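Residues or ranges marked as domain 'Glutamine amidotransferase type-1' in Swiss-Prot: 12-207. The L-glutamine binding site annotation in Swiss-Prot covers Gly63, Pro64, Gly65, Ser141, Leu142. Look at Swiss-Prot and you will find His181, Glu183 tagged as active site, for GATase activity, backed by similarity to another entry. For 238-503, the entry in Swiss-Prot reads region 'Indole-3-glycerol phosphate synthase'.
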Amino acid sequence: MSLPPHLCVPIDILMIDNFDSFTWNLYQSLCLLGADVTVIRNDAIPRSAIPQLRIKRLIVSPGPGHPQTDSGISREAIKYFAGKVPIMGVCMGLECVVDVFGGQIAYAGEIMHGKVSGIRHDARGCFKDLPQGIQSTRYHSLSAGVKTLPDELAVTAVTEHERVIMGIRHRKYTVEAVQYHPESILSESGDDLLRHFMKLKGGTWEENPEFRVLDPSLPAFEIGSQPAASTSAKIPTILEKICAQRQKDVDQAKATPGTTPEDLKTLLSMKLSPPQISFPDRLKAAEVKPALMAEVKRASPSKGPIAMNGNAAQQALTYALAGASVISVLTEPTWFKGSLLDMRLARQAIDNLPHRPAILRKDFIIDEYQIDEARLHGADTVLLIVATLTEKRLEELYAYSQSLGMEPLVEVNNAKEMEIALKLGAKVIGVNNRNLHDFNVDMGTTSRLAEMVRERDVILCALSGIKDAQDVNTYVEQGVGAVLVGESLMRAPDTRAFIRQLLSIPESEAKGKGKETTPLSRSCGIRTEEEALAAAEAGADMLGLMFVPKSKRYVSLEKAQQIAAAIHSRRLSKPVLTSGKTLENEPWFTAQQPPSRSFVWRFAARPLLVGVFQNQPLSVYLTPCVPQLDLVQLHGSEPAELAKHYPVPVIRVFHVSADGRGLADLARPGLHQFALLDAVLPGSASALSGGTGTTVDWALARDAVRSGEVRVARSAQGDGPVLSLNSSEALYPMPVILAGGPQPENVSEAVDTVAPWAVDVSGGVELEDGSGKDLEKVRAFVKAAKKL
């Protein structure tokens with residue numbers, strides 16, 4: 001039989017998959033180290049086709065069963081390639097190597113699934129330069145026996161206490177194997193071990209002297225005897241190990257200058273923590289039930305790497321715009337690969353949404369210090385895990401969290417823990433379907449405990465293992481008010497689509513791209529009541545009044561008051577209309593637009609009065625602003641933060657040069673509410689725009705609109721070492737006011753090309769002598785812009 005085409009080429013690393021999901025964890029680890037790995041199932045080709053393979057290295061993966069009955073071609077491949085290329089066996093792969101060379105595989109004496117053991121090793125071969133006592137994650141019930149091991153094989157590693165074989169090596173050939181899983185997130189120095197294997201060359205240790213396998217100066221590796229059961233040390237559970245490490249982390253943070261407990265108290269007293277919202281109220285306010293708590297989660301002890309390229313801020317914004325009520329951020333660094341920075345950036349990313357989700361610090365909270373950290377970095381709530389705390393300590397941390405205005409999420413896993421949470425008076429209780437001591441998942445846990453909170457004023461949350469709408473619907477029927485979803489969301493190829501499917505949300509309407517919209521129009525440089533009223537009757541949505549003294553269209557405060565009085569009087573004669581549209585969670589600039597382009601802009605309040613200023617003292621802005629103007633336009637080089645000091649919305653002008661400069665920070669949220677693009681006159685010393693009739697490059701403006709206000713992640717998986725822009729999409733076009741060049745003759749084309757939110761005109765509708773507005777041109781401009 002000939003090989004399939006994809007196996008007929010030279011192969012860097014061939015991995016034989018023994019039908020085990022861990023194969024792909026191992027595959028990912030190797031790929032992240034730069035390896036080119038080809039994976040085939042152990043029944044993909046017949047034994048007779050093995051000699052046709054052209055490979056540089058062979059790996060035999062983990063797998064269930066016994067090597068003699070369940071390993072397919074693995075043993076034959078080891079026999080053929082031993083002495084020709086480097087070979088690595090993992091878990092069942094080790095058992096296959098031992099079996100091939102004449103050893104016996106038998107019951108290990110204990111089933112080790114997800115258990116962690118420290119190991120000693122011989123510091124040679126793939127263990128070269130690795131520290132002693134490294135932690136190893138074990139998933140096996142079989143192992144090699146020392147007494148039956150053939151002379152060709154040497155023991156290279158054993159567990160520290162039980163002396164179970166964790167590594168073997170052929171004495172002549174470059175054949176290494178480990179019983180544990182180096183690719184596991186809990187296994188220490190796993191990448192280094194795999195990296196060493198990738199550096200091996202040829203089929204013998206003589207060809208690899210740098211690995212010191214044949215070095216006579218090194219001492220022999222002493223296996224030792226298995227100690228009596230009574231002296232065997234207890235192996236800590238994963239939960240115990242995590243909590244012990246978190247205590248070390250907290251102690252280190254407390255001792256670091258700038259982050260001492262006193263420092264955090266001072267910062268909190270200075271009100272430097274972001275404003276908070278009520279966690280329970282946010283869950284209750286969810287429009288779609290159950291409320292979704294969407295989690296940012298890069299890795300876990302049970303699953304290893306999940307989405308190592310995930311960007312916490314972008315993921316949080318994607319969740320929020322898709323309908324999440326809570327953003328849960330893992331901040332544990334060692335096993336979950338999270339950080340406080342992740343949480344702070346996630347909070348910043350959603351800070352300017354009109355209905356921002358609550359931020360949950362998901363961590364192993366064991367100290368009040370961590371609660372201070374959480375509040376300072378923007379959390380609205382923290383997780384308290386009953387399984388990690390004594391009842392007294394739980395009460396203390398719960399009360400302390402409440403003292404900072406944060407109602408905690410209290411996590412339970414069984415009836416006893418639920419009783420403790422209810423006694424505590426917790427308002428939000430989460431049931432973790434995953435037992436944190438062994439990380440096994442039982443989806444029935446929430447269902448069994450739901451009855452205990454029925455008829456109580458408690459929001460019950462399901463916290464783990466949720467993968468589809470069926471799981472969600474089952475919990476809703478049992479009274480669950482919120483679901484936390486992490487891994488499934490992080491692995492989803494389309495995050496927003498998965499959330500819609502999970503919560504049975506219909507597809508929302510387009511946010512702007514490809515959607516027909518009519519732009520607003522503004523007539524700038526109004527100088528008289530007559531011009532203002534004529535522009536208003538023509539359908540202008542905004543009128544610009546120039547307060548820049550050097551402008552030829554400058555109006556005094558007295559004249560501005562007269563114009564404002566005329567417009568305000570006109571407004572009062574119009575009926576008050578409401579839009580009736582439910583406000584959605586939308587990005588900052590999109591949310592500033594009138595709902596359905598109606599209400600204020602199209603009806604009773606139209607047109608709005610805009611005061612235009614340029615590099616003038618704040619006192620000048622504020623004098624006319626409060627009683628007269630609806631908006632302020634900053635047309636100079638004013639600091640962006642100045643927008644926070646005005647009592648009315650602010651339009652910030654971006655001065656665009658012919659080469660595209662001037663667009664930096666166009667989409668920065670939270671300061672000005674609207675952005676206007678105007679063209680800089682070529683050769684201008686001030687680099688400021690306005691009043692010259694210079695046309696903005698419409699292609700540049702179009703690209704700015706299409707680039708979008710925000711980019712939401714399609715998937716947390718990304719496509720490289722970081723989540724690239726190609727892995728995200730702009731669902732919300734950037735709303736801009738297009739100035740600089742539009743006039744009655746070209747505004748329709750400008751609208752078609754750029755798709756602006758509004759168009760602005762000044763000199764393009766003036767009389768020939770520039771003394772005022774040509775009212776016919778004003779009417780023609782509005783008509784052409786709105787395609788009336």
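Any Cβ shown, glycine's included, is placed from N, Cα and C.
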Going by Cα-Cα distance, pick out whichever of the binding-site residues Gly63, Pro64, Gly65 is nearest to Glu183 (active site, for GATase activity).
Gly63
Would you say which of the binding-site residues Gly63, Pro64, Gly65 has the most Cβ atoms within 10 Å of its own Cβ?
Gly63
If I take the alpha carbons of His181 (active site, for GATase activity) and Gly65 (L-glutamine binding site), what is the distance between them in whole Å?
16
Tell me, how many other CB atoms lie within 10 A of the CB of His181 (active site, for GATase activity), whichever protein chain they belong to?
24
Taking the Cβ of Glu183 (active site, for GATase activity) as centre, how many other Cβ atoms lie within 10 Å?
25
How would DSSP class Glu183 (active site, for GATase activity) in three states?
coil
